[in-house]
Structure formats: C-alpha cells, structure tokens
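See structure below.
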Ligand code: A3D
C-alpha cells in the first residue's frame, strides 16, 4: 500500500517542523518545497538522518521543483514572509498575496486532488486567495489558525485552573488576528463550562478576561520574545492535527478558517468556525448559537477579514 504523500510548500521554520512531525508521527512521506535553493534539500537530509535515530522510515525530499509535489494527498502551505517585531499580520498582505498566486498555480497543476491547509498570514485572506488561485474545491482548502489559537487559550486556562491541558477544551472563533473571539461559554474543564467554574470560585471574570486578551495577542507575545520570526512549534502541531484528521478520516471537530456560504450570516468568505474534517475535507460547518457579546465580536472579526479581501482585490484584479 502506498504511503501518504505530504507536500510542505515553504520549508522555513514551520515547514521544517512540519516535516519532523510527519516523520515522528509516521504520517507518510514528505516533500519539502521552497524557492530557496539547497535549504529544503539540506533540511530533508538532516531530518532523514534524525529518522535513523528515531526509527522512522519516511522518505523526505527537498526540492524547488513543483513537479515533485505531484500526487500529494495533503499540501501544507507556509510559503511567504513571517512577521517581524512591530509588523502586523496585515503588513504581510502584498508580499504574501503574490506568493499565494504562485503556490496556487503550482498546486492546481501538480496536486489538484490534495487537501490543502494554508498557514501563511494574514491567514483568512490568504486561504481565500489560495483557493481562488488554485481553483480547488472550497471544502478541500482550509486555513489553520483556530486550532493554534484555541491551543493557546487551553494552555492559559489549564495554568489558571491548575489542571492538565488534556482536560481543557477551548473555543476560538473568527479571523486570526487581534479580533479573534475566544468563547469562554463553550470552553470547559472536563465538560464544566468556564462561567460555571467562575461561579464555583475557581477563578474570577477579571482573570478570564485577562486570559482572553492574552490569547488574542498570543502570536505577538511570541514574536516579541523571539526577536526574529514568529511561532513555529505550536503552529506546526496544529496543522498536523488537521492533516491527521483528514488522512485518517477521524472526523475531528476543529476550529478552522473555512469557506462559508451563508453560515453565521457570512457569504463567500473564509473565517474561523468549527468544522468537521474527514476524508472529504471540510465535511460540515458546525453552527453554534452565540451570545450577544460573542456575536458582536465575531462581526468585528468578519469585517476585518472583509477589509483584507477588498485590499487583495485591489492588488490583484483576477480575484473575484
Ligand atoms: P519562514 O521561516 O520565513 O518560512 C517561509 C518560507 O517560505 C521561507 O523558507 C521562504 O523561502 C519560503 N518562500 C517564500 N516565497 C516562496 C514561494 N513563492 N514559494 C515557496 N516558498 C516560498 O516563516 P515561518 O515558517 O515561520 O512562517 C510561515 C508563514 O506562516 C508566515 O506567513 C507566518 O506569518 C505564518 N504563520 C501563521 C500562523 C497562524 O496561526 C495562521 C502562525 C505562525 C506563522
């Protein structure tokens, strides 16, 4: 039986980490693609040698030729430029839009049947542009942000309640950016919603508000500390969780930037919502009832994504 083939478009910090996880988790063979010559080949060789010690047999190939992604089951896109200190995700728009055009055309030509996970920022606008440029079915192109944002929320909640991260579930909706909407009412410790835990005296509203704020700014906190580049370990783990759900038809319910045609009052755009990922890609968008505060926050987030889409359309007339 043929092994799964996972194409990593962009072999920088996240791309390399993705390849390592593909090997360690024995998800399949990986192709590391990058426009930088040599670097993806060097990473592939280094990672293959780590496989000797770790005991995985994945074939890892570095390349700058799109023909090598042919037949990929999953493409994970990190190609582009990451944030530098003081730079917003939106500053990246112009540069990364051109990258999405090249990547979209490469995937369309060589891996049109793949499940495509976009990570490049500004996320919600880039995944939309990538779908348009690639012409792949909308349920097969999805953005990674919510899994990461909710992982950050879960970690901070687990620290606050002094419990295992395993028992904390958290919900984050909306676009990936400072307008994202962490939803405490749908976040739990082993099924006990956060508002109940506040009533039980486990925390206070002020502390939860501060955690929500820290989650919203979670990416920036890491950018500031690293001094060069942005987060890559947790973003890579998050995208691998999505790829795993697709490849193994696990039907996990994960927050992802998904194509909406009417759900949550949104039409013709990508934004972060809970979805089920299975062998068909995004198989279902799950519509949950939002309270007034979450609804208003979601709308602010949606408007911010729409603004970026308008800016993209002004930069590239082929975007509809
Ligand atoms: P980095 O280490 O710079 O890797 C990006 C790679 O893309 C580099 O190796 C480039 O050579 C390569 N590249 C540039 N242009 C092209 C092209 N046309 N075709 C192929 N490869 C190209 O960045 P990174 O891995 O740290 O981050 C990658 C992206 O993910 C950035 O846009 C980040 O902003 C974004 N990011 C998103 C999240 C989300 O939660 C959505 C989190 C963290 C980072």
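Placed from the backbone N, Cα and C atoms, the Cβ positions cover glycine too.
Same-site candidate for NAD(+) binding, as annotated by TrEMBL with 10, 11, 12, 13, 14, 15, 96, 119, 120, 121, chosen from 29, 34, 113: 34. Within the model, the domain 'Lactate/malate dehydrogenase N-terminal' (5-143) carries an average pLDDT of 95. When Cα-Cα distances from residue 12 (NAD(+) binding site) are compared across the recorded positions 83, 152, 176, the shortest belongs to 83. Counting in whole angstrom, residue 121 (NAD(+) binding site) lies 9 from residue 176 (active site, proton acceptor) by their C-alpha atoms.
Ranked by CA distance from residue 119 (NAD(+) binding site), the recorded positions 83, 152, 176 have 176 at the top as the closest. Contact annotation for binding-site residues (12, 34, 119, 121, 152) versus ligand 1: 12, 34, 119, 121, each with CB under 6 Å from a ligand atom. The Cα of residue 14 (NAD(+) binding site) lies closest to that of 83, out of the recorded positions 83, 152, 176. Counting only residues at least six positions away in the same chain, the Cβ atoms of 10, 11, 12, 15, 40, 62, 64, 79 sit under 8 Å from the Cβ of residue 34 (NAD(+) binding site).
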